[in-house]
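Handing you a structure now.
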Amino acid sequence: MGELKLPEIDYGALAPMLILFGVACVGVLIEVLVPRRARNLVQLVLALLGVVAALTVLVINRNTRIVTVGGAVAIDGPSVFLQGAILVLGVVSLFLIGERQVEQGGAFVAQAAVVVGSDKDAKQVTGQSGLTEVYPLATFALGGMLLFVAANDLLTMFVALEVFSLPLYLLCALARRRRLLSQEAALKYFLLGSYASAFFLFGVAMLYGFAGSVQLGAIHAAVANPQRSPVLLYAGFGLVAIGLLFKSALAPFHVWTPDVYQGAPTPITAFMAACTKVAAFGALLRVLYTAFEGVRWDFQPVLGTVAVLTMFLGAIMAVTQTDMKRLLAYSSIANAGYLMVGVLALNKDGLASTMFYLVAYGFSVVAAFAIISLVRDSDGEATHLSRWAGIGRKSPLLAGIFTFILLTFAGIPLTSGFTAKFAVFGAAIDGGQTWLVIFGVITSMLLAFPYLRVVVLMWLSEPGETTPAVSIPGFLTSAALGLGVIVTVVLGVAPAPLIDLTREASQFVR
Amino acid sequence: MTNFPFLSVLTLLPLVGAISVACIPRAKAELAKIVALIWSLVVLVLSIFMWVAFTVGSPDRFQFHEKYAWIPSWNASFTFAADGIALVMLMLIAVLFPVVILASWHDVDQSKRSAPTYFALLLAFEFTMIGVFAAADVFLFYVFFEIMLIPMYFIIGSFGSGQKQYAAVKFFLYSLVGGLFMLAAVVGLWVIGGHTFEFSALVDAAKTFDQDTARWLFLGFFVAFAIKAPFFPFHTWLPDSGGAAPAGAAALLVGVMDKVGTFGILRYCLPLFPEASRWFAPAAMVLAVVGIIYAALLAVGQNDLKRLVSYTSIAHFGFIGIGIFAFTTQGGTGSVLYMVNHGLATGLLFIVVGMFVARRGSSLVSDFGGAGKMVPALAGVLFFAGLASLALPGTAPFVSEFLVLLGTFSTNKAYAVIATVGIVLAAAYVLWMIQRTTQGTLNPALEDVPAMKKDLSLREKVVVAPLIALLLVLGFYPKPVTDVINPAVEQTLLDVGTQDPGPSAVADGKAGR
C-alpha cells in the first residue's frame, strides 16, 4: 500500500470507470442529437467502444495497486480482475441487448410510457424500433459495478450500489412483450432493492459509530482493537450483510430473483445474472475479507447457514419450476450458494476460486439466456417448459448447445461448471468448511434433476404441435452464444491460465 | 515399442473415431457402421500390441507411464499408467467393442434415429471407458468416471426400448449421485493429501490420514463404486437400464461399465484407505452376499430376458465383491478374473438375447418357448452363454468363481458357504430361462414371426465366435491372464496390509485345473 496523499486522485486507476460514465453521458446526449433511425447503431457502437476502451485501459494498468481518492477506491488484484470480468461479460451482454434481428425492433419496448393493452401498445409490439436508452443505462450500470467492486469505504460502496441498481430497475421494466410482468418485476426489484439499500445504509451508520470511519481498513483495525460496544459492530455488520446478500440473491433475501429474472427482458436477465452477480460477490468478498476478517469465527457459521439455505432453496425450487427463465433463476440462486461456499473459505484460494466461479458461471449463463431468447413463436419467447419438448429433433445444434450448458450447470467434468465447483469446494475444505462442501454436493444432486428434465424434454420427448420454431440468431446473438460456449469449454478443458490469473490477483489491499 | 505412448493413443483413438463417425451424414448409415467397426478394430490391434509389450513380472506395477501437464496449479495432469488389473480390463474393452458394434449392425435400421449418431455414441463410450481404466491421476479418473454417463445416457434414452426415458434418467441420476459423493471425497483427498492427484503420491500421503477422515473418504469413494458396480442395495437402476438399453449397449453396460465400480474399489479404495477398507470389509461382504442371493432370487422370477440377465449380473458382482474384500490373493485375483470373464460371458449372453429379441420383437420369456426348434444354432449359443454364465467347469467363469470362493473360504468361511448357495440359484435361473425360451413345446406364435425362421447369419457367427473361443480358452488355460493380474493384486493387498493365511495356493490351483 503506497503513501496516501488524501486529495490525490490517480486518474489512470479510475480511468475505466470515468470512460464508462463519460460514454454513458454522451449516450444520453445522442438520444437528443441523432435521428431515430440511426440511433440504435450509434448507441450500440458507442457503448461497445466505451466498454472495450475501458477494458483496454484496465489491461494496460493491470499492475496498478493503489488506494486512491482519499481511500475511497482501492485498485488491487481482485478489483482489477473483477472489473475486467464485469467488462468482458458486459460486452457479451451488450451483444444480446443490441440484437435486433431475432425480434423485429429488439427485445425492448418502443415507448415505455405506453399503456399496456392500448392500441399504441398493440402497434409497438409489431416491430417498432425499441428504446435506445437501454445502452446508456447499461453503461451507467457497468460503471457503477466497476466502482462497487473497487469501493474501499462503505459510503462509496453505497453510492456505487445505487449507481448500478437504479439503471437495472429501469431496464427490467422495458420488455417489449408481457409488459405487465416486466413492470411488476421492475417494481418489485425496486422496492425490495430500496429496502436492501436502506438496510445497508443503516448498517454503514452503525459501523461508523463503531469504528469512527467508514473505510474498510479502519473498520478492520477497530475490529482488531475495539473501542466501542461490539453490539454496534454486529448490528452494523448484519445490516450491511443484508444489503449485500440481497444483491447476491442469497437466501432468505433471494425472493425477488425468480420474478425479476422472468419479467425482465431476456438480455437484461442475462446481464444481471452475469455482471450483477460478479459485482455483488466482488463487494461481498472485499467487505468480508478486508473489513471483517477479524470476526470470521462469528459470521462464518451464520453465513454458512445462509449458503446452505440458499443452495437447498435454489435446488428444491428449481425442481418444481415450469418456466425456463424461472428455472434458471432458481439455478442462479443455487449457484450463489456455491459461490458463498467459496467466499466462506476465507483464504487466498477462497478468493481465487470465487472469482473463477464468477467468470465461469457468467459466460455459461449468458449463453443459456441467449438460447432462451431464440426459442420463440409469434407471441415472443416460449419459456414454458412444455414448449421445449422435442426441440432436439427440430434444431439439434441449438438443443445440443443448451444440453451442454445444462451439463455445465450440473457440474459435469470437462465443463467450466465442474472446474469452478471443484475450485470452490477445494478452497472450502482447505478453509475448514467441510460441512458446506457436503451440503454443496447434496444440493448438486438435487439440482441435477431439473437440468436433466430439460434434457429429456428436448431430446427424448416427441415434438408437440406447439413446439416453437427456433429463430435463426442474428450476428450479435451468435457472437454472445459462441463466446459463452467457447469460454465454457475452454474453462472446462484447460482452466489453468485463468486459475493462475485468479491466484495472482487474489490479494486485497486495505 | 515400449516407449510408444500406448495408453494416451488408445484413449484418444475412439474419440477421434467417434467424431469422424458423427460427421458422416445420416443417409450413409452403412459407411458409418463400417468406419465405426474399423476404428474399434484399430483399438483392438493396438491393445494386442500393448498386451505383448507389457512386461509380466516386472518390478514396476504400473507400466506405460505417461504424464502431460494439465492444470499445474492443482497438480492435476493427464497421467496414464496401467497395472495388470487395468491391462486386462482394457483388453476386455478392446475385444467387446468391435463385437458389440458388429452385433448392433441392424439395431437402428428400423428406428427413426440416426445410425451414425448411435455408432458415434458407442465409440465415445469406448473413449470414456478406456480413459477411466487408463487414468492414473485421480482427477482424470473422476473426469472419465462422470463423463461416461453422457454417451450411455443418450444410448439408452434415444435408442432403447420400453421405458427408455425413465431408465435413462434413473441411470443418470443414480450414477451422478454416486459421482458427487466421490467428488466430495476427491476434493477432501486432494486437500488432505497435499494438493496432489498423483496416485502413487496419494498412496504415500494416505498413510498419514487420521482414522475418521480416512473412513469418511473411503465411504465417499465406496458409495460411488457401489452404485456403479452395482452392489445391493444400490442396484435398482441396473435392471431398468439393462432392460431398456439396446442389447449391444446393455452388454457394454454390464460387461464393461459396471466393472468400473469393482475396479475402483480395488484400485482406489483399498490402497488409499487400507485401515478403512479393513474396517468396512464386513459390511461390504454382507452387502455382497445379500446381493448374490437376492439378485439371484429376483432373476429366477423375471419374465423379461434383458432384465433377467441384468439381475444375474448383480449376483455376479456380489461374487466379485466378496473376492475383493476377502483380502486374499486368490480372492483378489479371482475377482479381477471374474470381471473379465463376466464381461465375456454376460456380454455374450446379452448379445445372444439381443439376437432373439431382434427376431421376435419382444424380450419377454413368455413370448418364446421351444425356440430351439426353429433356430437351433442360436439356441445352442444361448445355452453355451447360459452355462458359461452359471460358471460351468470348462468355461472361464468357473475358474474365477472357484478362485473367489477359495480365497473367501480361507478367511471368511460363513460368507463363502452362503455365496455357494448363489451357484445353485444361478443354475436355477439360467436353466429355467433356457428351458422356457428354447426348449419344450414350440410356442405356436413363433411360427408366425418370419424372422424366427432365420438361424445364425454369418455376421452373427462372427460376433459370437470370438467370445465363445475366449470363454473356452480361458476356461482351460487362464494362466496368461492370472499371471498379469497376480502381481497387481499382491501389491494391492500389500498396500492394504493384509497377508494371505498360509502359503498361496494359486499356482497349484491353476495347475490342478
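Just so it is clear, glycine is given a Cβ too, placed from its N, Cα and C backbone atoms.
Keep in mind that TrEMBL annotations are predicted by a computer and have not been checked by a curator.
Pulled these from TrEMBL:
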type: DOMAIN; residues: A:151-446; note: domain 'NADH:quinone oxidoreductase/Mrp antiporter transmembrane'
type: TRANSMEM; residues: A:12-34; note: transmembrane segment
type: TRANSMEM; residues: A:80-98; note: transmembrane segment
type: TRANSMEM; residues: A:134-151; note: transmembrane segment
type: TRANSMEM; residues: A:157-175; note: transmembrane segment
type: TRANSMEM; residues: A:187-211; note: transmembrane segment
type: TRANSMEM; residues: A:231-256; note: transmembrane segment
type: TRANSMEM; residues: A:268-289; note: transmembrane segment
type: TRANSMEM; residues: A:301-320; note: transmembrane segment
type: TRANSMEM; residues: A:327-346; note: transmembrane segment
type: TRANSMEM; residues: A:352-375; note: transmembrane segment
type: TRANSMEM; residues: A:396-415; note: transmembrane segment
type: TRANSMEM; residues: A:435-460; note: transmembrane segment
Who are the long-range neighbours of the transmembrane segment (A:80-98) in its own chain, taking Cβ under 8 Å and residues 6 or more past its ends?
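Residues 16, 40, 44, 47-48, 51-52, 54-55, 58-59, 61-62, 64, 106-107, 134-135, 138, 142, 145-146, 149-150, 266-268, 270-271, 274-275, 278-279, 282, 355, 358-359, 362-363, 366, 369-370, 373, 476-477, 479-480, 483-484, 501-502, 505 contact the transmembrane segment (A:80-98) from elsewhere in the chain.
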As a test: from A:12-34, A:157-175, A:268-289, A:396-415, pick the stretch that has the greatest number of Cβ pairs under 8 Å with the transmembrane segment (A:352-375).
A:268-289
Between the stretches A:134-151, A:231-256, A:327-346, A:435-460, which one has more Cβ pairs under 8 Å with the transmembrane segment (A:157-175) than any other?
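Result: A:134-151.
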Residue list, the transmembrane segment (A:134-151) vs rest of chain: Cβ under 8 Å, 6 or more residues beyond ends.
16-17, 20-21, 23-25, 27-28, 31, 43-44, 46-47, 50-51, 54, 72-75, 78-79, 82-83, 86-87, 90, 93-94, 97-98, 108, 157, 159-165, 167-168, 170-171, 174, 268, 271, 275-276, 278-280, 282-283, 286
For the transmembrane segment (A:301-320), find every same-chain residue at least 6 residues outside the stretch whose CB is under 8 Å from a CB in it, and list them.
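Distal contacts: 241, 245, 250-252, 254, 258, 288, 327, 330-338, 340-341, 343-344, 433, 435-436, 439-440, 443-444, 446-447, 449-450.
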So which residues does the transmembrane segment (A:187-211) touch in its own chain, when a touch means Cβ under 8 Å and the partner is 6 or more beyond its ends?
154-155, 158, 161-162, 165, 168-169, 172-173, 218-219, 221-223, 226, 228-230, 232-233, 235-244, 246-247, 253, 255-256, 259-260
